[in-house]
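Down below is the structure, laid out as structure tokens.
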Amino acid sequence: MSIRYESVENLLTLIKDKKIKPSDVVKDIYDAIEETDPTIKSFLALDKENAIKKAQELDELQAKDQMDGKLFGIPMGIKDNIITNGLETTCASKMLEGFVPIYESTVMEKLHKENAVLIGKLNMDEFAMGGSTETSYFKKTVNPFDHKAVPGGSSGGSAAAVAAGLVPFSLGSDTGGSIRQPAAYCGVVGMKPTYGRVSRFGLVAFASSLDQIGPLTRNVKDNAIVLEAISGADVNDSTSAPVDDVDFTSEIGKDIKGLKVALPKEYLGEGVADDVKEAVQNAVETLKSLGAVVEEVSLPNTKFGIPSYYVIASSEASSNLSRFDGIRYGYHSKEAHSLEELYKMSRSEGFGKEVKRRIFLGTFALSSGYYDAYYKKSQKVRTLIKNDFDKVFENYDVVVGPTAPTTAFNLGEEIDDPLTMYANDLLTTPVNLAGLPGISVPCGQSNGRPIGLQFIGKPFDEKTLYRVAYQYETQYNLHDVYEKL
């Protein structure tokens with residue numbers, strides 16, 4: 001197998017044993033990008049000069065047996081809404097085209113400390129608003145399994161690059177499913193950690209009470225290794241949680257005999273495709289064969305997740321994106337002749353259609369006379385959804401179900417139908433609304449397109465999610481499939 005498809009864990013061993021140099025790994029990755037990414041279109045910017053320089057410095061440390069860092073010499077790709085000092089960060093928007101940050105996000109500081117090597121920035125839906133990566137101002141990423149299909153979104157570039165062997169791991173952000181859904185569509189592993197597990201400092205805000213950074217990898221253990229590296233409280237993020245336990249790997253191989261798994265009947269109900277239902281039901285049988293106890297439960301407020309999410313997320317986006325006005329931040333219209341025109345034209349020209357749609361929706365929901373009817377009511381529904389999960393977790397360790405109701409749809413199929421696009425978030429948005437951790441792992445294919453299985457856990461219990469996902473992965477994985485892509 002080419003180095004480009006090696007796991008994080010195997011690469012770490014090869015580097016530690018001096019069977020390969022970090023500079024060789026980085027060269028192989030850039031060769032793969034040059035060969036494959038003109039088709040996949042996952043990267044927006046490459047940091048080749050700095051990456052090669054960093055890898056050569058790591059070569060010298062390797063020669064001296066000074067290989068410090070959990071990710072020593074491991075290449076990484078970063079979603080383009082995560083601030084990278086000195087490297088363009090655009091959120092895939094005309095509004096931020098050419099913006100080069102002068103500070104580092106906390107997750108990037110942590111990854112640099114662990115001696116990972118930044119390869120480049122990855123494509124996404126504009127300002128993380130979308131489920132297909134088609135709202136990007138710059139390019140449309142394709143699904144490595146089927147180039148006619150979308151990779152999902154908003155972290156579509158992050159999922160596609162990992163699936164195509166262009167990086168062993170990437171970071172994405174998840175506000176309503178934006179790590180897990182593309183992970184499902186692209187046949188990789190994607191973790192949305194508990195809200196507060198990972199610092200949001202340096203993540204360009206979409207919806208501050210929902211956003212969370214997480215890793216995408218080709219296997220479960222790699223994912224746990226990366227989350228260990230980026231987790232932890234941060235003085236720069238008041239919503240980050242002071243939780244000391246960031247060990248996700250030591251018990252990952254422990255069996256799941258007796259583990260209680262809840263299967264909500266709503267997760268296999270209306271709107272979920274038959275091929276997805278079949279794959280999930282097969283996965284449930286696999287869990288039972290591994291000794292888990294799987295029982296049907298009800299999460300009755302699941303159906304309100306999408307409307308509640310879109311009101312809350314759009315309202316927060318309306319506020320967060322007000323800073324992009326052409327004066328303090330972002331694109332500056334050259335055609336304006338007055339201050340009022342400057343505000344209007346900069347935002348009208350700088351933002352894409354979907355971003356403007358959500359700003360309008362959020363502004364409306366927060367406006368006088370509608371706040372109580374929409375925003376306040378949505379927050380009440382959010383509490384009901386959280387209460388549903390709390391009740392289930394009194395008796396169960398993990399919730400299981402599909403990640404997305406269908407496999408990846410075709411490029412261009414849903415971009416002009418926002419309500420159909422939003423419906424794809426049916427099974428992921430409740431997890432964000434409740435602030436819970438959720439992981440997507442591959443569980444099947446239909447017509448060559450991957451199907452994702454989602455495990456949802458108790459707050460800050462990513463350890464159990466990794467354990468059950470790892471055990472399931474021993475029975476089903478796509479390791480041999482990636483290289484054929």
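If you go along the chain as it appears here, the first residue is 1 and each next one adds 1.
Backbone N, Cα and C define each Cβ position, glycine as well.
With a cut-off of 8 Å between CB atoms and residues at least 6 apart in sequence, the same chain places Lys121, Leu122, Met124, Ser155, Gly157, Ser158, Ser170, Leu171, Gly172, Ser173 near Lys79 (active site, charge relay system), listed in sequence order. What Swiss-Prot records for Lys79 (among others) is active site, charge relay system.
When secondary structure is read from DSSP and collapsed to three states, Ser154 (active site, charge relay system) falls in the coil class. According to Swiss-Prot, the active site, charge relay system annotation covers Ser154 (among others), on the basis of sequence analysis.
Non-local neighbourhood of Ser178 (active site, acyl-ester intermediate): Asp125, Ala128, Gly131, Gly153, Ser154, Ser155, Gly172, each in the same chain, at least six residues away, with C-beta under 8 Å from its C-beta. Look at Swiss-Prot and you will find Ser178 tagged as active site, acyl-ester intermediate.
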